[in-house]
There are 4 protein chains.
Amino acid sequence: MYKVKDISLAEQGSRQIEWAELHMQTLMKIRERMSKEKPLLGIKISAVLHVTKETAVLMRTLHNAGAEVYLAGSNPLSTQDDVAAALAQDGINVFAWKGENEKEYYDAIETVAKISPNLVMDDGGDLHALIHDKFYSPNIIGGTEETTTGVVRLKAMEESGVLKYPVIAVNNAFTKYLFDNRFGTGQSAIDGILRATNIMIAGKVVVVSGYGWVGRGIASRMRGMGARVIVTEVSPVRALEAVMEGFEVMPIREASKIGDIFVTTTGNINVISVDDIMQMKDGAILANAGHFNVEIDVEGLKRASKNVRNIRPFTDEYLLPNGKRVYLLADGRLVNLAAAEGHPSEVMDLSFANQALSAEYIVRNRNLKKAVYNVPDEIDNQVAELKLSVMGIKIDQMTQQQKEYSKQWKYGT
Amino acid sequence: MYKVKDISLAEQGSRQIEWAELHMQTLMKIRERMSKEKPLLGIKISAVLHVTKETAVLMRTLHNAGAEVYLAGSNPLSTQDDVAAALAQDGINVFAWKGENEKEYYDAIETVAKISPNLVMDDGGDLHALIHDKFYSPNIIGGTEETTTGVVRLKAMEESGVLKYPVIAVNNAFTKYLFDNRFGTGQSAIDGILRATNIMIAGKVVVVSGYGWVGRGIASRMRGMGARVIVTEVSPVRALEAVMEGFEVMPIREASKIGDIFVTTTGNINVISVDDIMQMKDGAILANAGHFNVEIDVEGLKRASKNVRNIRPFTDEYLLPNGKRVYLLADGRLVNLAAAEGHPSEVMDLSFANQALSAEYIVRNRNLKKAVYNVPDEIDNQVAELKLSVMGIKIDQMTQQQKEYSKQWKYGT
Amino acid sequence: MYKVKDISLAEQGSRQIEWAELHMQTLMKIRERMSKEKPLLGIKISAVLHVTKETAVLMRTLHNAGAEVYLAGSNPLSTQDDVAAALAQDGINVFAWKGENEKEYYDAIETVAKISPNLVMDDGGDLHALIHDKFYSPNIIGGTEETTTGVVRLKAMEESGVLKYPVIAVNNAFTKYLFDNRFGTGQSAIDGILRATNIMIAGKVVVVSGYGWVGRGIASRMRGMGARVIVTEVSPVRALEAVMEGFEVMPIREASKIGDIFVTTTGNINVISVDDIMQMKDGAILANAGHFNVEIDVEGLKRASKNVRNIRPFTDEYLLPNGKRVYLLADGRLVNLAAAEGHPSEVMDLSFANQALSAEYIVRNRNLKKAVYNVPDEIDNQVAELKLSVMGIKIDQMTQQQKEYSKQWKYGT
Amino acid sequence: MYKVKDISLAEQGSRQIEWAELHMQTLMKIRERMSKEKPLLGIKISAVLHVTKETAVLMRTLHNAGAEVYLAGSNPLSTQDDVAAALAQDGINVFAWKGENEKEYYDAIETVAKISPNLVMDDGGDLHALIHDKFYSPNIIGGTEETTTGVVRLKAMEESGVLKYPVIAVNNAFTKYLFDNRFGTGQSAIDGILRATNIMIAGKVVVVSGYGWVGRGIASRMRGMGARVIVTEVSPVRALEAVMEGFEVMPIREASKIGDIFVTTTGNINVISVDDIMQMKDGAILANAGHFNVEIDVEGLKRASKNVRNIRPFTDEYLLPNGKRVYLLADGRLVNLAAAEGHPSEVMDLSFANQALSAEYIVRNRNLKKAVYNVPDEIDNQVAELKLSVMGIKIDQMTQQQKEYSKQWKYGT
């Protein structure tokens with residue numbers, strides 16, 4: 001059972017999925033084991049996720065683990081139609097195509113919600129909400145949630161006492177959020193900026209707003225490409241850490257005057273204001289790598305500008321009243337997703353390994369309370385172990401003596 | 001009232017303290033304010049700390065804040081006699097000299113314990129223990145503790161219900177443990193190795209055991225000096241992080257065969273065993289930057305060696321049965337303390353700023369429960385703010401709109 | 001007079017040229033001066049160059065300097081048709097379109113050769129050769145040559161005594177070859193690999209073959225992106241330099257077994273042989289950043305493989321007899337040109353600033369001997385000065401005392 | 001035959017020499033071969049060099065190669081008396097002790113000059129000059145010269161036609177000057193600053209004046225230790241290179257206002273003037289890593305200051321008329337030599353390997369003209385090869401096909 005754009009794209013989609021599989025060896029190792037052990041035999045899964053080649057690797061894994069999988073997209077624009085076709089051909093029940101209208105989008109989610117699932121796998125919380133509203137059944141053992149947004153919604157439900165099944169917050173795994181933000185976005189934001197502009201980074205002054213994990217990643221990679229990096233922050237502790245790492249730190253109003261490239265990573269609003277933009281040098285480039293497109297005051301910029309024109313894909317020129325030009329990338333949306341290809345498969349490998357193991361964990365621990373759980377440390381560690389192992393990297397094991405030493409506190413000089 | 005080695009060293013000591021003051025401007029800023037506000041007026045402080053030029057800057061600060069200060073050393077060997085003399089001359093009641101015997105050491109602690117203090121400031125927990133045992137009085141408002149060791153002891157007391165006053169664990173301030181370990185030890189361990197050996201780091205293979213904050217600091221600085229760095233770890237998550245930072249990761253047994261310099265930072269025992277040492281190249285150098293001298297199996301190495309001789313200060317040559325020579329620095333003790341001068345004043349600046357503000361906090365919040373507290377976030381932030389300010393660095397403030405945005409969760413694309 | 005694909009593309013081309021101009025401010029500064037001084041008034045220039053937006057910035061500059069410019073493309077595939085249209089509209093005599101056949105290509109060159117030029121500006125030496133053969137006239141004052149290939153041909157002509165006019169080898173300017181190779185290719189090779197594969201660089205083992213300027217650039221940037229970098233070399237001095245910079249160095253046969261990504265930069269042939277490829281891990285990626293597509297033995301790989309299929313644009317999968325798969329990017333051609341956009345405008349800015357100033361130099365120094373000249377130091381310095389000035393960077397000037405000191409050798413302690 | 005301070009120090013000296021030998025394995029490999037081949041049998045060598053443990057490794061090598069060696073010190077203060085004693089006991093004819101007065105110093109040089117040597121090995125040119133003046137004999141086959149200073153003097157002699165034997169300028173070997181300046185001084189300058197001040201480098205603003213090899217080395221290592229690095233330069237090309245490496249570049253007058261630590265590396269005079277110093281922040285630290293103590297205007301600083309006092313070894317405080325304090329290290333002399341131990345043995349290993357092989361080369365090529373020669377490429381390469389080999393590093397060899405390819409120029413796409 002499936003609804004996809006064009007089933008004849010299956011072969012092309014399969015090739016994409018294979019490329020992803022090659023770079024998602026952690027998940028493939030898990031698939032290998034689950035294909036034998038079938039831990040999800042007889043389990044029906046409702047999943048709402050971006051239908052990409054990486055998600056396909058997860059779907060195939062759950063399928064091989066014995067589950068009956070129903071999948072809808074978590075965004076009307078993010079579905080890769082060839083991948084959806086390949087999944088359909090593999091026997092995954094997929095209901096997704098690129099460019100669904102709003103009704104089609106919610107219909108697809110409803111389709112997977114009403115299958116009376118045992119496991120609910122969501123990215124954003126819409127599926128969890130819908131099932132709580134209209135399709136809850138006691139068959140549900142539990143669920144997982146990929147995003148911070150979704151976790152916040154589920155926690156609110158937990159606090160209000162309305163959460164009906166246990167959910168594991170995959171986002172909170174160390175092997176998810178730390179690697180994803182720092183190493184994934186650190187690279188892909190630069191990739192997006194290069195594809196959009198083809199400018200030289202060496203010798204440029206790059207201003208990174210925010211020194212959280214994303215900001216740290218971008219600042220470090222930009223320096224690695226030869227930029228002089230300036231950090232802006234509101235937290236004195238984070239600002240001090242940036243200073244100790246050798247970065248310049250100053251207010252955005254000062255940085256505005258000297259930056260060539262600006263990247264926002266704060267998670268907050270109007271981090272770069274129109275007043276800041278008015279200070280900038282002719283030719284300044286503005287990009288956002290934070291989740292929402294509110295970090296740069298795009299609306300204000302549009303209102304203030306005398307003219308706007310597109311220069312290159314994802315690069316728009318704004319002519320300011322002072323005669324200078326600034327270049328906004330991807331309309332202020334996530335530059336790594338819009339202008340490049342988002343996270344490399346290797347990053348999703350860790351994230352989806354946590355998904356697969358969390359799904360198994362819920363099935364094996366049916367007496368969990370109705371609460372939002374962090375990914376258990378043992379899973380976090382297991383994901384890291386598997387990843388190291390597929391990279392061919394061995395590490396030390398604690399000796400018995402060391403285990404004891406680390407337990408009993410010793411006093412010495 | 002004081003007992004020091006030679007009061008005539010006071011002027012020389014003052015010069016040392018001034019040098020420290022120049023590099024402890026955060027604490028100096030706090031002193032400036034406290035000298036006016038006198039928040040510790042009428043407060044008697046018992047303190048047991050290493051009597052160094054940095055501690056002197058803290059003592060002068062407490063003194064200027066109005067307190068009556070009694071100070072003993074927290075280690076029989078760490079007292080700088082000229083600094084002690086200068087403090088005595090300043091009106092601090094100091095009882096410490098380098099080379100105290102055991103009785104003298106404990107007598108000095110007892111001297112400061114029995115003054116019926118209002119505040120107890122300790123480094124290691126000996127003073128807290130003694131006061132609980134023999135000198136408790138209801139005059140005591142609370143205390144602070146500088147080290148992890150001390151905090152562990154105090155937590156045990158809290159859990160057993162015997163803790164008699166609130167204690168702030170200064171060690172747990174972000175501006176203390178993060179900067180201290182990563183940036184302080186990261187630099188001073190290299191400094192110690194260079195002073196002990198004068199070898200070239202560029203082109204060497206450096207093996208860092210442990211990728212906690214100390215290990216991260218040393219690995220990063222060693223790479224910055226041109227070394228090829230290998231990390232060994234027992235935690236798969238930390239190991240994976242090291243890999244993503246571009247470091248090689250392998251078991252110590254493998255690393256043993258290719259390393260030129262080995263630095264342990266794990267906090268555990270026998271991280272480098274005699275069997276590992278037997279694998280090493282002729283000329284390998286062994287150093288420890290973890291707290292205790294058990295990380296390298298020094299005893300085993302001594303037993304196994306055919307000959308030991310001193311080559312340079314802090315550098316001993318061990319002739320192995322296989323004919324190779326390895327060089328152990330500082331007898332396996334903390335190489336940055338033994339062969340160099342420990343933390344730079346700038347690091348103690350942050351730590352002691354937390355001490356001074358925590359002391360003030362306790363005095364201003366007299367109704368704290370008898371428990372071990374983390375340093376309040378507001379103090380942590382204030383220390384970072386002051387440090388930035390004395391460095392001449394300004395940062396952004398959240399706008400009202402941003403504060404609201406960060407409170408109310410927003411959903412968007 | 002012009003021959004382009006579609007003159008109606010002129011406006012679109014102009015927008016591209018403007019984007020380039022924004023990032024070629026050194027050349028724009030030169031244009032500003034030359035537009036006033038008209039140093040090339042009455043000069044006819046025959047030019048054969050890649051007809052790109054960057055070349056257009058140079059052409060407009062020469063045109064504004066007073067010259068009458070005739071331009072043909074230096075490669076049948078490299079012409080940007082919109083840019084050619086814009087140039088035609090600007091009054092440049094341009095004869096170039098993308099996809100010329102061989103006859104059309106040489107006809108276009110002949111068209112610009114036979115205008116009886118005063119200056120000859122070439123990229124590869126074909127124009128110089130043709131003019132020497134068939135179109136020499138005593139009106140020719142001199143010429144310039146952009147590439148190493150062309151310079152080698154001209155030097156051979158000089159040595160044989162057949163060179164008929166002086167030529168400046170723009171390629172030999174420090175501000176050309178050093179920045180171009182190290183910073184330009186260092187960045188764009190990574191850009192090309194990311195666009196072709198979208199893989200994660202952090203945590204990967206990257207093998208860079210060759211540690212000349214290109215290899216240095218790529219090794220440094222790859223490390224900056226979080227890779228563990230291995231260098232292979234045939235020169236012991238360069239190999240030692242790589243070691244001192246902290247890189248691992250080993251023979252390609254050993255590196256073959258552990259690399260994830262291979263980049264050749266040597267300028268030599270069969271640097272990665274089929275035997276090396278047979279050692280590689282499943283999934284290894286092969287890219288070339290050296291000038292010619294002979295560094296990886298692509299022909300041998302094709303013969304040896306059981307199957308070849310395209311996975312993504314510029315990424316072909318080769319199935320080896322041993323069952324492993326390797327991925328060859330851009331068919332072994334220059335990965336930065338094929339899979340990304342070649343040098344950023346900023347790099348061509350320096351190169352073409354040297355071109356413009358060299359053209360002016362030849363016109364102003366008409367008594368040069370018939371020889372191949374390096375770019376005069378004064379031009380090299382002037383280009384660097386202008387570049388710094390448009391970046392808003394000021395530097396020191398030697399004082400009179402310092403000039404004298406640096407001349408007279410001083411003996412001291 | 002010898003004249004040393006105290007022959008009983010021989011054993012202690014031997015231990016120092018052994019420590020050096022362990023880190024000079026390139027030279028030891030050469031010694032191993034020469035001990036068998038005895039290429040210097042019957043050769044008498046006059047040498048004037050700093051009598052350090054590293055020089056001792058060279059002397060023992062020449063001695064084992066069959067030579068009869070006479071050694072005097074090249075500086076009255078640089079002799080290590082225990083090393084001199086050990087050499088004397090080894091049968092080297094050494095005439096050197098620490099603290100020679102001027103007459104004793106020149107007497108010692110004369111002693112080694114008048115032995116009618118076959119080879120003359122000098123560091124600074126004094127020995128070559130003396131022999132030309134008073135002790136020339138036709139027995140002399142040739143000589144070597146370690147320093148730039150000496151080479152300049154010898155070139156002047158060559159140009160005037162008075163040079164009486166061929167001399168190899170060891171300083172000009174790539175494996176000498178490049179590694180020595182960039183990697184040797186890059187590390188030891190930081191070592192010297194840390195020993196003198198024990199300050200924290202992370203978070204500091206470090207101003208490096210001059211971006212030659214020494215400046216590049218220090219800038220790179222300072223960044224590696226967490227500093228924000230500013231470069232000052234007079235050459236626009238070097239300045240631009242620094243910018244492209246991500247450093248800030250500005251005039252010293254601007255940098256003066258924001259730097260915490262200043263390091264001069266230019267080889268010129270008054271690079272930091274009193275006017276610059278007056279701009280500096282309270283507490284600024286001034287160090288010189290260039291050859292002579294004229295880069296900082298020390299005399300001017302002394303005249304301008306209201307008070308000078310010593311704070312720590314090699315750290316003097318200058319109280320300026322504006323009330324601020326600056327700290328001059330090592331009185332403006334080379335900070336790595338004065339406050340630390342100069343070059344690590346590994347650096348001298350390369351330099352003295354060139355010395356030993358150059359000595360052998362002269363003996364084996366007796367028909368060299370009376371001129372100053374660069375170290376032959378074959379020796380430079382051999383030194384690098386040996387160094388790699390003792391580090392256990394293998395590199396590739398060109399195949400026959402590659403050798404041919406690199407000879408014949410190929411045209412391709």
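The count begins at 1 with the first shown residue.
Cβ coordinates come from backbone N, Cα and C, glycine included.
These numbers come from a predicted model, not from an experiment.
For the substrate site that TrEMBL gives as B:Thr52, B:Glu146, B:Lys176, B:Asp180, the extra residue drawn from B:Asp81, B:Asp123, B:Asp126 is B:Asp123. Of the listed binding-site residues B:Gly212, B:Gly215, B:Gly290, the Cβ environment within 10 Å is emptiest of other Cβ atoms at B:Gly212. Among the record's substrate binders, B:Thr52, B:Asp123, B:Glu146, B:Lys176, B:Asp180, no two C-alpha atoms are more than 18 Å apart, and one pair sits at exactly that spread. Closest to B:Asp180 (substrate binding site) by Cα-Cα distance, out of the binding-site residues B:Thr147, B:Gly212, B:Gly215, B:Gly290, B:His343, is B:His343. Taking the Cβ of B:Thr52 (substrate binding site) as centre and 10 Å as the limit, one finds 23 other Cβ atoms among all the protein chains shown. Chain A has a C-beta under 8 angstroms from the C-beta of B:Glu233, taken from the binding-site residues B:Thr52, B:Asp123, B:Lys176, B:Asn181, B:Glu233, B:Gly290. It is 15 Å from the Cα atom of B:Gly212 (NAD(+) binding site) to that of B:Lys176 (substrate binding site). Counting only the Cα atoms, the space from B:Gly215 (NAD(+) binding site) to B:Glu146 (substrate binding site) is about 21 angstrom. Of the listed binding-site residues B:Asp123, B:Glu146, B:Asp180, B:Glu233, the Cβ environment within 10 Å is emptiest of other Cβ atoms at B:Asp180.
Annotation for B:His343 (NAD(+) binding site): same-chain Cβ neighbours under 8 Å, separated by at least 6 residues, are B:Glu54, B:Asp180, B:Gly184, B:Thr185, B:Ser188, B:Asn336. Here the binding-site residues are B:Thr147, B:Asn181, and the one with the most other Cβ atoms within 10 Å of its Cβ is B:Asn181. Along the domain 'S-adenosyl-L-homocysteine hydrolase NAD binding' (B:181-342), the predicted structure has mean pLDDT 96. Its Cβ placed at the centre, B:Lys176 (substrate binding site) has 24 other Cβ atoms within 10 Å. Here B:Asn181 (NAD(+) binding site) is positioned 17 angstrom away from B:Asp123 (substrate binding site), judged by their C-alpha atoms.
In this structure, the C-alpha atom of B:Asn181 (NAD(+) binding site) lies 14 angstrom from that of B:Glu146 (substrate binding site).
Spacing of B:Thr52 (substrate binding site) relative to B:Gly290 (NAD(+) binding site) is 21 Å (Cα to Cα, whole number). Each residue contributes its Cα atom, and for B:Gly290 (NAD(+) binding site) and B:Lys176 (substrate binding site) those atoms are 17 Å apart.
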